[in-house]
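*Asks:* Take this structure, written in structure tokens, and hold onto it; I'll ask about it next.
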There are 2 protein chains.
Amino acid sequence: MESMMIYMPIAMAILGLIYMWIKKSWVLKQDAGDGKMKEISDYIYEGALAFLSAEYKLLAIFVVIVSVALAAVSFIVPTTHILIVVAFIFGAVFSAFAGNIGMRIATKTNVRTTQAAKTSLPNALKVSFGGGTVMGLGVAGLAVLGLTIFFIIFYNYFMGGAEGVFSVDKMTIVLETLAGFSLGAESIALFARVGGGIYTKAADVGADLVGKVEAGIPEDDPRNPATIADNVGDNVGDVAGMGADLFGSYVATVLAAMVLGNYVIKDMGGSISDAFGGIGPILLPMSIAGIGIIISIIGTMLVKIKSNEAKESQVMAALNLGNWVSIGLVAIACYVLCKWMLPETMQMEFFGEGLQEISSMRVFYATLVGLVVGAVISSVTEYYTGLGKPPILKIVQQSSTGAGTNIIAGLATGMISTFPSVLLFAGAIWTSYAFAGFYGVALAASAMMATTAMQLAIDAFGPISDNAGGIAEMSEQEPIVRERTDILDAVGNTTAATGKGFAIASAALTSLALFAAYVTFTGIDGINIFKAPVLAMLFVGGMIPVVFSALAMNAVGKAAMEMVEEVRRQFREIPGIMEGTGKPEYDKCVAISTEASLKEMMLPGLLTIGFPLIIAFVPMIFGMDNLAIAEMLGGYMAGVTVSGVLWAIFQNNAGGAWDNAKKSFEAGVVINGEMTYKGSEAHKAAVTGDTVGDPFKDTSGPSMNILIKLTCLIGLVIAPILGGHNADESLSDKQEIKKEVRLEIKENNSETAIATIITTTTINGKTTNYIEEVEGTIKEIEKKANEAGNVVSVNIVKKENKIEAAIK
Amino acid sequence: MESMMIYMPIAMAILGLIYMWIKKSWVLKQDAGDGKMKEISDYIYEGALAFLSAEYKLLAIFVVIVSVALAAVSFIVPTTHILIVVAFIFGAVFSAFAGNIGMRIATKTNVRTTQAAKTSLPNALKVSFGGGTVMGLGVAGLAVLGLTIFFIIFYNYFMGGAEGVFSVDKMTIVLETLAGFSLGAESIALFARVGGGIYTKAADVGADLVGKVEAGIPEDDPRNPATIADNVGDNVGDVAGMGADLFGSYVATVLAAMVLGNYVIKDMGGSISDAFGGIGPILLPMSIAGIGIIISIIGTMLVKIKSNEAKESQVMAALNLGNWVSIGLVAIACYVLCKWMLPETMQMEFFGEGLQEISSMRVFYATLVGLVVGAVISSVTEYYTGLGKPPILKIVQQSSTGAGTNIIAGLATGMISTFPSVLLFAGAIWTSYAFAGFYGVALAASAMMATTAMQLAIDAFGPISDNAGGIAEMSEQEPIVRERTDILDAVGNTTAATGKGFAIASAALTSLALFAAYVTFTGIDGINIFKAPVLAMLFVGGMIPVVFSALAMNAVGKAAMEMVEEVRRQFREIPGIMEGTGKPEYDKCVAISTEASLKEMMLPGLLTIGFPLIIAFVPMIFGMDNLAIAEMLGGYMAGVTVSGVLWAIFQNNAGGAWDNAKKSFEAGVVINGEMTYKGSEAHKAAVTGDTVGDPFKDTSGPSMNILIKLTCLIGLVIAPILGGHNADESLSDKQEIKKEVRLEIKENNSETAIATIITTTTINGKTTNYIEEVEGTIKEIEKKANEAGNVVSVNIVKKENKIEAAIK
């Protein structure tokens with residue numbers, strides 16, 4: 001059984017995909033409503049596919065360019081294998097495919113949800129959440145499937161699989177090559193998130209500014225030429241963007257945990273003997289991911305309501321039930337898997353503290369940290385962005401004195417919200433590290449991500465319901481239909497905010513795990529910010545998320561302006577459009593959003609990918625030492641991560657808070673003792689706040705996740721060039737290992753002596769010394785000195801291993 | 001002459017203060033105008049003094065509490081001397097005194113500027129700039145005087161002055177004690193900046209919201225009860241706040257450079273022989289500061305215009321002339337002083353690269369880096385916030401579609417502006433470090449700060465002119481008077497923005513120098529962010545500026561609301577107030593601003609001071625290793641600095657950009673082909689942007705400087721507790737130094753041998769090894785091994801220094 005564990009994640013992934021297929025067939029079998037509804041739904045479907053195919057064309061070019069670059073690198077750098085190109089391409093294709101599945105099912109489910117809402121609310125939830133489930137399982141299933149298949153292929157290719165002889169160095173090559181898969185996935189995620197984010201907000205702002213404000217027609221009115229683009233945007237941004245984001249996180253987390261698992265084996269002397277072919281610590285994160293798929297299926301089955309009179313709170317409770325049960329089951333699964341798959345105690349190298357004995361239970365505690373963080377961050381997000389919560393009420397009050405004070409209050413709310421969030425992350429880093437080193441940090445992230453399928457199902461049902469409401473409006477259904485979809489939409493808005501919290505928490509932990517994997521890969525002895533170039537790069541890294549956000553916001557502004565012009569033109573030139581007799585040219589608006597978003601995502605993308613490459617290769621051209629470059633790049637990565645997490649929390653929560661402050665006016669709010677509603681001056685101020693918040697929460701804020709993950713992944717892929725290249729080239733002239741045994745008879749015991757074994761490693765003139773004191777006869781000491789090889793924890797090949805013994 | 005150099009800075013400071021006194025007498029001799037003008041001026045003067053005395057009462061309590069705490073620490077920790085309390089108190093008193101001088105002269109100069117503007121523009125500039133000069137020289141003179149006097153006192157007390165025997169360790173105690181002076185100065189600066197920032201914006205918003213918007217009366221109308229508070233605010237925030245900020249920077253920069261100068265001497269073997277009592281590298285930064293005062297006086301003398309018809313550009317040119325000449329003179333002075341006071345070549349320890357030979361010319365190049373950064377950052381700031389520049393024009397255009405798009409454009413501008421600024425800082429860190437290590441970084445900051453008196457004169461004349469315009473308005477002068485003061489005010493707005501750029505650049509470099517001094521003080525071997533607790537603290541540190549900014553912004557909101565209520569009450573209750581027959585109760589508004597700002601500055605202050613203390617002492621209670629804590633605190637400091645610099649640039653520039661976008665409408669702007677003026681919808685949107693920008697640029701943004709400097713200073717003051725305490729206590733049980741000479745006859749030359757000298761240092765189980773290869777006879781090798789003591793660069797006392805030689 002144990003030896004088959006390597007195939008377990010594949011089996012689970014396939015099970016998940018089969019369940020997805022069944023669920024998909026069920027959703028598609030549902031009634032898609034009358035002709036008008038189908039027509040609108042088809043417009044959205046086609047618009048979404050038009051965006052996807054335009055995006056894919058562009059991404060294909062990108063994938064080709066990067067593949068060529070990676071291939072070139074693999075020819076120049078001996079430690080990088082050409083197979084990384086294959087992994088990269090498949091990572092990109094799998095990610096795109098996952099997004100495609102999500103988008104297709106979402107745009108098919110929306111109209112069916114509208115139709116189901118005609119009969120009852122429980123049915124509407126069943127259909128919309130069914131669509132979300134398909135999306136969630138598609139993403140998680142493909143992620144686990146792809147990663148596991150490529151791992152097995154590379155494991156067999158480079159090492160001969162379970163029959164081969166395990167070697168940490170060979171496994172490092174396996175995982176380095178596998179990093180290509182993650183890089184491919186994350187690259188697609190970048191463009192999906194940023195492009196989608198620009199698309200959705202450009203269409204939204206364009207539709208609102210001309211439709212609602214200038215022409216005075218309601219939201220989702222079919223006379224508005226941008227209304228289809230607006231609904232497409234919900235799918236492009238919230239469904240495909242979020243899906244690609246979590247697909248990337250999922251793959252990167254598991255990969256990073258596997259890399260660190262390999263280093264656990266290294267710290268334990270280079271090999272362990274367990275029932276899992278000696279790679280238990282590497283298989284564990286994959287196994288948690290595999291089990292997580294099945295647990296997510298169980299979780300989604302629990303999400304249902306019975307009463308047709310249910311309100312938001314009951315729908316929310318149903319989602320929470322499914323969510324909590326799946327988190328609980330993951331905790332149990334982690335306990336079982338940690339106990340079963342890990343050695344009872346492991347040795348792990350703690351930086352500056354030497355080797356420590358870590359029990360498998362402590363690894364389990366680390367996974368609990370991840371589960372707690374995932375749960376708590378949702379509550380924190382909920383507090384700062386939820387309807388009726390103090391921060392929102394405060395923003396509402398500040399709206400009474402105008403847009404200026406509303407904006408200040410919203411900004412302050414987003415900024416303050418970094419306080420508990422960052423303390424939570426800092427605590428998580430510290431405790432999971434204290435439990436089980438960076439392997440613990442990576443497994444905390446893995447455990448948190450195990451319920452990704454469930455999280456995505458909860459996330460995706462929101463925009464589906466939003467779309468369903470739009471279709472109800474456009475096809476002029478009975479008000480009860482819109483009321484029911486509105487209940488789902490309102491819950492969806494809350495889950496969207498908490499989902500962003502989950503996404504940023506996962507991105508933060510994933511980046512740290514990648515960061516740790518990077519440091520270990522390169523073989524540098526840490527990132528010392530007391531070195532000025534490293535400190536300078538910490539500054540530069542910190543600046544990148546800020547500039548990236550600005551670029552994304554400006555991109556929304558530009559794209560929205562183009563949309564505004566087009567909508568104005570149609571209102572002006574198409575006769576009878578306002579009377580409902582002339583037909584708006586929806587496709588032109590869809591085309592504008594598509595083109596503008598793809599064009600505008602270039603610059604932020606270039607910034608993300610270009611900067612780490614410049615930092616790595618420009619100093620290399622000037623002959624800077626590779627390890628010094630590696631440390632600088634590490635400083636850059638840390639800067640991007642810290643600043644990116646801060647700006648993500650700030651922007652997501654400020655945006656969410658403004659949104660719900662505006663929504664508060666729909667039910668009416670008490671300001672200075674008076675009930676105030678939509679249309680009041682205070683409401684107008686709140687609408688202004690929401691305009692500012694839109695790009696914050698839907699474009700620049702969520703893009704931060706990808707920015708930090710992709711930055712760390714690029715670092716990881718470059719790592720062998722910096723570290724491996726160096727080790728290889730400078731072996732003969734710059735690196736030297738000496739081992740010597742110096743004996744001093746401290747206790748004059750005639751038979752035994754106390755000896756000090758010193759292992760000295762000199763790399764590029766920098767010397768590290770490991771000292772071990774042993775007691776015994778000369779023979780015994782010589783034996784121990786021979787065994788002491790594994791005290792050298794730097795990632796190098798030993799050239800000289802001569803032992804000298806002498807008694808002074 | 002050389003031996004007297006230690007007194008040179010005192011002489012220069014006294015010369016500066018004498019010139020200040022002459023200039024002050026001249027200003028006070030100018031005509032203060034008619035009765036109405038005097039009355040208004042007196043109101044402002046009294047309001048400002050009321051704020052100062054209320055603030056001083058509060059600060060006195062704070063100083064007492066901190067003094068008691070410092071005294072307690074000095075009794076417990078043997079490496080901290082009780083004299084630090086004296087230094088702290090004097091630092092606080094000097095800083096407060098400098099602020100007092102500035103505030104008094106500014107509130108006396110304003111009315112005299114109004115009066116002078118009745119005669120001509122050149123006269124008005126002469127008077128207002130004269131007031132600024134008094135302020136600048138007061139701040140710089142007191143800073144240099146205080147720092148130098150205390151240095152000489154401690155130098156004589158701890159080391160017997162120039163006659164005593166120089167010892168790096170004793171000088172460390174001198175400088176550690178001197179750090180108290182800097183801590184005192186910076187603590188006062190925190191409250192002056194934050195309290196002043198809250199005061200000025202609360203009064204401004206209160207006056208505008210009720211006066212301009214609700215009652216429809218113009219700015220500075222005497223019927224507005226908050227108008228005096230508004231004018232007081234300009235002095236409290238822009239004059240006293242900025243003065244205290246730069247006083248703090250000035251002192252901290254020079255101190256940090258002295259600390260690093262001491263370590264240069266250490267790297268050179270513990271002593272040097274030069275004509276300056278062996279402390280040339282320590283005296284150099286003080287000497288640059290001293291000469292800088294005289295150069296600033298020359299610079300201020302050049303600021304004058306001749307034509308009464310001059311426009312903004314001519315006034316600006318006059319200021320630029322003075323500024324550029326003084327920067328040029330500082331460059332020359334730095335060349336001479338570096339050549340004269342430093343050894344021709346020095347050894348400096350570069351982290352991870354060992355000792356390097358650094359010529360005095362390279363130190364001079366580092367000072368040039370500082371001068372260039374100071375100049376370039378002003379241009380960058382000018383580009384992003386200047387009237388008529390592309391970013392401003394873009395915000396103006398975006399105002400046409402409402403407040404939402406105006407806000408987004410302003411935010412994006414502030415965010416984008418971090419790009420060149422951070423690259424500039426990163427480049428400065430890197431190059432100045434490459435030239436002369438962290439000593440170079442500190443001297444870059446020192447050179448930049450040398451013209452502080454000139455910078456402050458340029459800065460302070462702005463709010464003085466602003467006040468002068470207000471007095472002209474309130475006392476109903478001829479329009480020409482207001483026109484002339486408006487020209488000065490417009491130039492003042494530009495210099496205010498560039499001054500903020502200068503302040504943040506100086507704060508950034510100062511913090512880095514303090515950071516470097518901290519690391520060296522504690523004796524840790526760098527800040528390794530690959531250790532999870534350090535990384536966690538980097539996150540926490542990064543969060544602090546964000547939360548601090550939010551608290552400051554909320555504080556402005558709360559204080560402004562109280563002001564709004566009071567102004568409304570007065571309009572309601574005082575009969576005839578709108579007709580000009582009833583007299584508004586100005587003092588009540590002043591009192592409200594004063595109380596509210598002092599109350600609201602508590603929480604941000606607590607955050608700033610409390611967090612580093614928690615990080616240092618809570619883990620200590622739990623028995624964590626002191627050096628590990630020191631490294632964590634270093635991570636925290638780096639996080640605060642990186643994030644603080646980013647948020648300072650973002651907030652200052654966004655605020656400045658919104659302000660000038662609004663101002664653009666005064667002269668009219670072309671939007672979509674139409675001239676648009678004040679009162680248009682677009683202008684209203686721009687006013688909303690300015691409302692958001694006000695607390696950004698005048699409260700939270702400028703406070704970042706103090707936050708980062710104070711954080712690093714607190715770290716520096718705690719350093720001996722963490723580092724010194726540890727070295728002291730653990731010497732016997734945890735630390736071990738071994739030196740051994742291993743000889744291998746590599747070349748069989750019968751007479752000579754090649755030997756390897758290995759110095760092994762083990763601190764808390766962590767081993768570092770220094771290897772040196774020497775060639776010679778056994779005698780010679782033994783001699784060299786004996787001399788090799790200084791290759792151990794960690795800050796520890798050697799216990800065992802036995803050398804063994806043997807030939808295998």
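From the backbone N, Cα and C atoms, a Cβ is placed for every residue, glycine too.
Quantities reported herein were computed from a predicted structural model and do not represent experimental measurements.
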*Asks:* If you look at how TrEMBL annotates this chain, which of B:127-158, B:415-446 comes out as transmembrane segment?
*Replies:* B:127-158
*Asks:* With an 8 Å cut-off on Cβ-Cβ distance and a minimum sequence separation of at least 6, pull the same-chain contacts of B:ALA496 (site 'Determinant of potassium dependence'), or say none.
*Replies:* B:ASP238, B:ASP459, B:GLY462, B:PRO463
*Asks:* Quick test of the contact rule: Cβ under 8 Å, at least six residues beyond the ends. What residues does that give for the transmembrane segment (B:58-76)?
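*Replies:* Here the qualifying positions are 82, 84-85, 88-89, 92, 96, 180, 184, 187-188, 191, 598, 717, 721.
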*Asks:* What stretch in B:247-265, B:323-342, B:502-521, B:533-553 has the biggest tally of Cβ pairs under 8 Å against the transmembrane segment (B:277-303)?
*Replies:* B:323-342
*Asks:* Taking contact to mean three or more C-beta pairs under 8 angstroms, with sequence separation of 6 or more, is the transmembrane segment (B:247-265) in contact with the transmembrane segment (B:629-650)?
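*Replies:* Result for the transmembrane segment (B:247-265) with the transmembrane segment (B:629-650) is no.
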*Asks:* With pairs fewer than 6 apart in sequence excluded, do the transmembrane segment (B:629-650) and the transmembrane segment (B:533-553) have three or more C-beta pairs that lie under 8 Å?
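*Replies:* As far as Cβ distances go (cut-off 8 Å, pairs 6 or more apart), the transmembrane segment (B:533-553) and the transmembrane segment (B:629-650) touch.
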*Asks:* So which residues does the transmembrane segment (B:601-622) touch in its own chain, when a touch means Cβ under 8 Å and the partner is 6 or more beyond its ends?
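*Replies:* Contacts of the transmembrane segment (B:601-622) (Cβ under 8 Å, skipping residues fewer than 6 from its ends): 187, 190-191, 194-195, 198, 537, 540, 544, 547-548, 551-552, 555, 628-629, 632-633, 636-637, 703, 706-707, 710-711, 714-715, 718, 721-722.
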*Asks:* Give residue numbers and ranges for long-range contacts of the transmembrane segment (B:323-342): same chain, 6 or more residues beyond its ends, CB-CB under 8 A.
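*Replies:* That would be 5, 274, 276, 280-281, 283-284, 287-288, 291-292, 295-296, 298-299, 302, 360-361, 363-364, 367-368, 371, 374-375, 447, 450-451, 454-455, 458.
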